[in-house]
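Right, one structure below, let's go through it.
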Amino acid sequence: MSESSDPAPKYRIRPGTFFDVPATTRIYAASFSNEPLIDFFFPTRRQDPLSFFTWSCRRFQRRYWTPGYSLSVVVDKHDHPVGLSWWKRPTQPLTFLQKLLSPSFWIGSVVNAFIDLQEYLFPVQGLNKKNMETFEQAFSAVEPHVLDTPTRQKAHYLSLLGVDPVLQGEGLGKMLLEDGLEKVDDADSAAWLVSLAGLEKLYARYGFVEATKVEVEGLHDWKGATNDPIHGFPTSIINKLVDFDDERIKNMDENNVAIQVLSHTPANFLTAETIIACNDELAAAVKANKSRFAGFACLPMGDPMAATHELERCIKEHGFVGALIDNHSNGNFYDGPEYDILWAKAVELDVPIYIHPAWPSEKEKEALYSGGNLQSDSSSATALGAFAFGWHASTANTILRLMASNTFDRHPKLEIIIGHSGELIPYMFDRINKATTFFGMERGFAEVMHNNIWITTSGMFDVHSLRCLLGNMPLSQVMFSVDYPFSDNRLGKEYLETIRREGVLDENGIEAFASGNARSALFLFIPDQQPISTATMPRTHDHFHGRHYHAERTTGPVKALNPTKRYLVADKKTLNAESDAGNAGKESRPGDKSPGVAYVWRSRDNRKGRHALAIGVDPHKHAATKGPRPSNTYHQTLRGILKMFVRCPVWDVSYDVAVVFTIGSIIWVINGFYSWLPVLNPSTKVSDWAGGLTAFIGATVFEFGSFLLMLEAVNENRSDCFGWAVEESVDGMLHLTHAHNCKHAHAQKGTFVKQSSKSLGNDTAESSGNDRMWSWWPTWYELRTHYFFDIGFLACSSQTFGATVFWISGFTALPPILNNLSTPAENGVYWLPQVIGGTGFIVSSILFMVEVQPRWYIPAPGVLGWHIGLWNLIGAIGFTLCGALGFGITHPGVEYALTLSTFIGSWAFLIGSVIQWYESLDKYPIWVDQKIERLGQRKS
């Protein structure tokens with residue numbers, strides 16, 4: 001019998017690390033965002049939040065390495081900081097010896113010097129030094145009154161305590177304070193702090209007593225510390241809003257919701273610092289459960305430039321799928337020219353902006369929702385101005401103002417989402433369409449609505465409003481959305497059942513409405529017949545939501561890393577019956593005769609732009625199948641070899657990698673002859689330049705090939721891309737053809753220069769949906785959420801590291817350098833880099849082999865990639881052995897062994913490179929796999 005364990009706490013406290021400083025700085029900036037004291041120090045921080053963040057981050061970095069200071073952070077289940085406290089224990093001056101032995105002293109000195117250099121080269125603007133000095137003087141005046149006895153002089157100082165404002169009220173500040181005081185008690189000491197006016201009662205609960213008060217000049221009108229709660233929502237809603245774990249997932253599962261697109265509720269009163277902290281918190285929640293969550297960014301719309309920067313940061317670093325903003329910012333409806341920079345950035349990033357209703361501005365409340373018998377602060381006025389009518393009309397007004405100001409003419413590819421079944425617009429569609437002729441738009445109202453606007457239901461579960469919506473908008477522009485937790489997922493599930501029962505949509509329409517549109521347009525894997533629970537829409541940028549990490553029949557050799565293989569049983573599309581007029585009147589059941597077929601997604605193939613297909617029987621041995629022969633037949637192998645002599649796709653990086661490594665290997669083979677033959681037969685010796693120069697050129701070519709290898713790794717296709725059309729005619733004949741609908745960035749000339757996937761045009765819906773921009777290097781977000789767990793990327797990185805270090809040996813092999821090195825120098829700069837570089841090659845080769853194996857310990861001799869890795873492993877061992885033997889070059893027989901190992905290693909590299917050349921041209925491998933029939937039966 002097993003004992004049940006208590007669930008892990010939602011929040012816990014741990015010691016802070018230096019790497020927590022950026023996150024805690026954001027929390028600090030957000031938690032004190034409304035304090036006039038901070039404005040006193042930094043008057044421009046609301047207009048320039050980045051400068052304030054930079055100044056604060058440098059301050060915390062210095063403090064971390066200052067002896068006596070300690071950082072504690074409260075973290076959530078995903079170890080993401082959501083609160084912080086800085087304590088300073090009483091310290092005595094360090095002796096010279098203590099300084100020498102103190103890591104903090106040495107590291108702190110380096111950090112402080114580096115920050116001093118930063119501040120000299122890149123000074124932070126906006127800090128009012130005079131006000132800072134004024135406060136420091138006030139602080140100095142407080143300290144003698146507090147530390148007025150020997151006991152108190154040994155007290156611990158609470159310097160700072162802050163909590164993410166989104167989580168204020170959760171008791172996190174109390175946790176941090178009690179944790180610090182417990183340590184103070186353990187030290188049998190006292191504690192003191194300098195409190196902002198207005199918080200005296202709070203600290204009095206924990207035993208603090210007021211020692212003195214000091215007024216800071218310039219803050220006479222300050223009313224004290226603020227503590228903004230989350231306005232307007234009951235506790236039950238707030239608890240659901242901040243829950244990203246068990247209860248939310250459970251509710252999704254119970255109601256067949258596959259994915260939620262999350263966002264913070266935007267609010268005009270939030271500062272840029274708070275918004276940045278909110279987005280970082282949301283990113284952590286999405287990262288922790290990538291298969292169930294995606295994210296919309298919150299933007300500081302009061303500052304168009306700051307909003308633009310935050311949009312770009314959230315898309316590129318956090319992988320968000322768009323942004324969600326209020327429909328106005330204090331009465332500003334975003335139709336002015338100052339917002340063109342934001343709309344242009346959204347188009348450039350190819351992401352939608354969700355315009356969400358906001359509370360009415362003070363002017364709106366005064367003009368529309370007060371006066372007469374309507375009291376402005378009454379519940380009826382609140383409902384009328386917001387969720388009953390007002391904010392829907394206000395959001396419609398925002399959309400129409402954008403049209404009237406010709407925003408969609410200046411940004412014809414701008415993508416906007418609105419909710420609540422269209423915010424009243426569908427009901428007024430015809431009248432608005434006629435009236436907007438006065439707007440002077442280049443494109444009509446209906447054209448903009450049908451091409452630039454997407455509408456979600458957002459918790460409006462009324463079939464009559466849906467009929468009105470579908471009567472005015474194409475189904476492809478309409479998406480199901482729950483608006484959880486303001487509406488419940490259960491109601492959304494019942495709504496879909498009502499739509500089916502009342503015949504508002506047929507089964508195909510329901511599938512498109514609930515999840516099909518999102519499945520085909522987004523890089524998201526959505527299980528069959530399950531809806532998404534908030535607004536989504538097409539975009540084509542660098543995210544990994546479309547990966548197969550949690551799909552069926554997904555496998556990988558190492559559980560801790562990303563999967564490397566997935567089988568997807570192909571749905572056999574029926575060919576147009578009109579083309580088979582001769583079969584009219586015949587009863588046929590597609591699928592009875594034809595064999596099973598499965599797309600095979602493999603991470604290596606995806607990197608190489610290859611599209612594999614597995615079929616239950618050989619197409620040329622089955623009467624009901626038309627398609628190419630399996631790739632491992634003699635006929636197809638000879639065709640592949642012929643391609644190597646007649647095809648030269650230079651814009652395909654995979655091809656370039658193979659050819660460059662082939663050329664490099666040939667050079668190393670020549671070097672092997674120059675090095676080994678003179679040892680075997682001294683009469684064949686030629687100039688030292690022959691061996692040295694070929695080694696230098698060979699190492700340089702390998703370095704260039706490794707650079708191309710990294711480009712190939714970071715420009716893999718990032719969505720479902722199978723490359724085959726599997727169709728069945730009405731007589732049951734299976735047709736296998738190359739669909740050519742997958743566009744890999746590294747296989748097209750255009751992707752080296754394009755700025756956006758949309759620049760390729762809209763040839764087909766499928767191709768434009770899968771296009772992506774060329775990338776020279778992944779973002780930090782992509783690295784830590786995907787690439788660091790990708791076996792192929794790790795293998796390419798190890799290869800590049802090895803080639804870079806090995807190049808040192810190639811350079812020092814030049815005779816003017818090598819012949820003038822002492823023995824220790826030769827060991828250090830010639831033989832040692834060969835050992836280190838060769839080890840990098842060994843690790844890379846093993847990882848390339850493991851990547852294509854079903855398990856890390858089971859070989860895969862039936863896969864080309866495995867043989868490439870194997871031959872490269874032999875070559876890597878040869879090169880490494882050469883370097884290792886070089887340390888004993890003075891011993892008899894060693895020179896023969898090391899030159900022979902280089903010779904053998906060079907030939908092994910050449911064989912592996914030639915196989916890789918063949919592989920790079922074999923873009924559509926197909927093989928027979930009898931288990932496909934079992935997979936097909938399981939699916940049906």
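Glycine residues also receive a Cβ, built from the backbone N, Cα and C atoms like all the rest.
It should be emphasised that the depicted structure is a prediction, and the values quoted were computed from it without experimental measurement.
Residues annotated as domain 'N-acetyltransferase' in TrEMBL: 154-213.
According to TrEMBL, the domain 'Amidohydrolase-related' annotation covers 258-522.
Taken from TrEMBL, the feature region 'Disordered' applies to 578-598.
Residues or ranges marked as transmembrane segment by TrEMBL: 653-677 (among others).
Taken from TrEMBL, the feature transmembrane segment covers 689-711 (among others).
Here TrEMBL flags 787-808 (among others) as transmembrane segment. Remote same-chain partners of the transmembrane segment (787-808), defined as residues 6 or more beyond its termini with a Cβ less than 8 Å from a stretch Cβ, comprise 556-558, 560-562, 564, 603-604, 607, 699-700, 702-703, 705-707, 709-710, 712-714, 716, 778, 829, 833-834, 836-841, 843-845, 847-848, 850-851, 876, 879.
What TrEMBL lists as transmembrane segment is 828-850 (among others).
Tertiary neighbourhood of the transmembrane segment (870-890): same-chain residues 665, 802, 806, 809, 827, 830-835, 837-839, 841-842, 844-846, 848-849, 897-899, 901-909, 911-912, 915, selected by CB-CB distance under 8 Å and a gap of 6+ residues from either end. Sequence annotations record features per position, and here TrEMBL assigns transmembrane segment to 870-890 (among others).
Sequence annotations record features per position, and here TrEMBL assigns transmembrane segment to 896-918 (among others).
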Highest-contact recorded stretch vs the transmembrane segment (653-677), from 689-711, 828-850, 896-918, CB pairs under 8 Å:
896-918
Tertiary contacts of the transmembrane segment (828-850) (same chain, 6+ residues out, Cβ under 8 Å):
557-558, 604, 791-792, 794-796, 798-799, 801-809, 812-813, 818, 821, 856, 859-860, 865-866, 868-870, 872-873, 875-877, 879-884, 886-887, 889
